[in-house]
Amino acid sequence: MAMIVLALLVAAMVSSPLALAYDPSPLQDFCVADAASTVFVNGAVCKDPEMVTAGDFALSGLHIAGDTANAVGSKVTLVDARAVPGLNSLGVSMARLDVAPGGLNPPHTHPRATEALTVVDGELYVGFVATDGKLFAKVLSRGDVFVFPKGLVHFEFNRGPCPAVAIAGLSSQNPGLIRIADGLFGASPAVTDEVLAKAFRIDTVTAQMIKAQFGTN
């Protein structure tokens with residue numbers, strides 16, 4: 001129950017008029033995404049209102065912990081317009097973040113959204129890097145909130161002994177995700193070894209070794 005209440009508070013925070021400015025404002029009560037449509041628009045085509053049901057605005061299962069048995073020890077469960085069609089055109093989404101002890105949600109950006117993160121269990125060390133290179137970071141405990149400005153690189157790391165859970169509210173129905181390491185070392189077609197070596201001040205052999213860890217997307 002506590003997680004649900006906190007999630008609602010975060011969702012309300014990012015649904016302010018300022019947050020909605022990031023996505024086009026709706027011109028009707030709702031525009032439930034029509035997954036069957038093949039028309040490409042900025043967002044998704046509206047389903048016939050006569051075919052809309054309460055289920056288009058609902059999702060079950062966010063209480064279920066994500067599987068953190070992976071290389072980074074974290075799992076993000078995104079609730080966007082693909083998961084809840086009724087979010088289409090409303091300018092918000094949310095996510096559940098599970099992080100195992102020692103796990104990391106690697107440095108990444110959301111090019112279309114500001115994020116407000118609330119820790120609901122455990123402890124997380126979080127931060128973002130401003131365009132001048134300054135790091136803003138803080139250790140969050142249960143009930144603490146931290147905001148990541150739109151487009152800036154940020155991360156969440158669990159350096160505590162227990163699993164951590166957080167709920168994030170995002171100011172876009174489709175915030176986008178660019179993981180820095182995956183994007184550069186796992187790009188397809190691949191970024192050249194020379195570019196990576198120059199950018200990270202390593203040799204090309206090391207660049208190749210790192211690429212092998214990520215493969216291609």
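Glycine residues also receive a Cβ, built from the backbone N, Cα and C atoms like all the rest.
Quick look at what TrEMBL lists:
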BINDING   N105, H110, E115  oxalate binding site
BINDING   H108, H110, E115, H154  Mn(2+) binding site
DISULFID  C31-C46  disulfide bond
DOMAIN    60-208  domain 'Cupin type-1'
SIGNAL    1-21  signal peptide
Between H154 (Mn(2+) binding site) and H110 (oxalate binding site), the C-alpha gap once rounded to whole angstrom: 9
DSSP residue counts for the domain 'Cupin type-1' (60-208), split into helix, strand and coil: 22 helix, 56 strand, 71 coil
For H110 (oxalate binding site): intrachain residues, at least 6 apart, with Cβ closer than 8 Å: F148, K150, G151, L170, S172, P175, G176, L177
Overall pLDDT of the domain 'Cupin type-1' (60-208), taken as the mean: 96
Per-residue Cβ crowding (10 Å cut-off), top of binding-site residues H108, H154: H154
Rounded distance in angstrom between the Cα atoms of C31 (disulfide bond) and N105 (oxalate binding site): 32
Pairwise CA distance, E115 (oxalate binding site) versus H108 (Mn(2+) binding site), rounded so that it is a whole Å: 12
Other CB atoms within 10 A, centred on C46 (disulfide bond): 18
Nonlocal neighbours by CB distance (under 8 Å) for N105 (oxalate binding site), same chain, sequence gap 6 or more: V72, S74, V76, L97, V99, F155, E156, F157
Environment of H108, H110, E115, H154, the listed Mn(2+) site - residues of the same chain whose CB lies within 8 A of the CB centroid: T109, A113, F128, F148, L152, V153, P175, L177
